[in-house]
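Participant: A single structure is presented below for examination.
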Amino acid sequence: MAISFSRTPEGDVISDHHLIAQVLGEALPYIDFLKGKTLVIKLGGSTLEHQRGVLQDIIWLRALGAYPVLVHGGGPYINEWLTKLNLPTRFVNGLRVTDAATLDVVRMVLLGQINQGLVLMSSQMGGKAIGLCGTDGGMVRAHISDERLGFVGEIDSVDPMPVEALLKEGFIPVVAPLGEGPDGTCLNINADLVAAHMAGALNAEKLIFLSNVAGICRADGTLMTEVRESEARQLIDDGVISGGMIPKVTACLDALAAVPRVHIVDGRESHVLLRELFTDKGAGTMIIR
Ligand SMILES: Nc1ncnc2c1ncn2[C@@H]1O[C@H](COP(=O)(O)OP(=O)(O)O)[C@@H](O)[C@H]1O
Ligand SMILES: CC(=O)N[C@@H](CCC(=O)OP(=O)(O)O)C(=O)O
């Protein structure tokens, strides 16, 4: 494995190996605690270029006895293909307006490109991953909530059984955010919402969103390490939380009913998952009631 180097806040140069040793020193009680616990990790499309490091951490988590489940997005990749195909890209409150042609592209990119890419890469790295989406085994049932958005699903239920079966057999499930409508149509669902409902259905211990920001930021750009539900709703009303952060925070708030710990962390940061799970300080923003 190639060693990469980064800097501590004090400016010291540290290697990946040094960092891992440092993290592991603090980690032992957390490792014990997480054995047998389900962790739902959502990898945003904005952060897919860092997928190798994220998969490495997920494979380690599995080896340490935790049950990680990866839910992925792919928004920027879908945008790129829509542009290549001269199709318009339009979002309303962070949700893609999805007509029939757009839905075809969404399915091809999420399943053919991203899901399979993640599964192949984890296999290359020694992990055993299986790719699936919400329509497999009727896992994610949804309905069209707003006709103006087209084929966009609002989730009715998530059956945890397919993912639980894979976890039991030693696999890392990699889930693409599509769902099945009442009439058997495929629906495009925001990946943050799929991750939140999946975490609830699985009784997950933690739900962690990896995005391309340090966490939830104030209007002046500084990081909020903890955000309460009432505060989050106010930040949305004030427009401080906008765009793709709206479904993410809404998903966090929904998940809090069933999942004890919900975090938004910086997926660009090396080994951020290990930092969040195995250090006292944690990482990013923790959402609390
Ligand atoms: N208050 C905020 N704090 C942090 N990010 C915010 C905030 N409001 C809006 N954003 C935007 O939300 C983006 C993350 O959402 P999104 O692009 O959907 O990412 P992902 O692909 O990881 O789901 C950030 O890149 C940032 O531009
Ligand atoms: C309805 C809706 O918006 N679906 C999303 C699904 C992918 C996604 O959520 O990707 P990110 O996690 O990268 O945002 C979309 O079409 O972009």
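Note: Cβ is positioned from N, Cα and C throughout, glycine not excepted.
What TrEMBL shows for this protein is this:
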type	residues	note
BINDING	Gly74, Gly75, Arg96, Asn188	substrate binding site
DOMAIN	37-266	domain 'Aspartate/glutamate/uridylate kinase'
SITE	Lys42	site 'Transition state stabilizer'
SITE	Lys248	site 'Transition state stabilizer'
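So that I understand the layout, could you describe where these features sit and how close they are to other parts?
Facilitator: Taking the Cβ of Arg96 (substrate binding site) as centre and 10 Å as the limit, one finds 21 other Cβ atoms among all the protein chains shown. When secondary structure is read from DSSP and collapsed to three states, Arg96 (substrate binding site) falls in the strand class.
Model confidence over the domain 'Aspartate/glutamate/uridylate kinase' (37-266) stands at 96, taken as the mean pLDDT rounded to a whole number.
In the structure as shown, the Cβ atom of Lys42 (site 'Transition state stabilizer') sits within 10 Å of 29 other Cβ atoms. Lys42 (site 'Transition state stabilizer') falls within a strand when secondary structure is assigned with DSSP.
Neighbour density for Lys248 (site 'Transition state stabilizer'): within 10 A of its CB lie 27 other CB atoms from the protein chains shown. DSSP classifies Lys248 (site 'Transition state stabilizer') as helix under the three-state reduction.
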Participant: Does any of Lys42, Gly74, Lys248 have a Cβ within less than 6 Å of an atom of ligand 2? These are the recorded positions; tell me which, or none.
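Facilitator: Near the molecule: Gly74.
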Participant: By the DSSP assignment reduced to helix, strand and coil, which category contains Gly75 (substrate binding site)?
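Facilitator: In three-state terms, Gly75 (substrate binding site) counts as helix.
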Participant: Looking at the recorded positions listed here (Lys42, Gly74, Gly75, Arg96), whose Cα lies nearest to that of Lys248 (site 'Transition state stabilizer')?
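Facilitator: For Lys248 (site 'Transition state stabilizer'), the spatially nearest of the recorded positions is Lys42.
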Participant: Inside 8 A of the center formed by the CB atoms of Gly74, Gly75, Arg96, Asn188, which other residues of the chain have their CB, for the recorded substrate site?
Facilitator: Gly45, Gly73, Ile78, Thr98, Val106, Val109, Leu110, Pro177, Asn190, Ala191
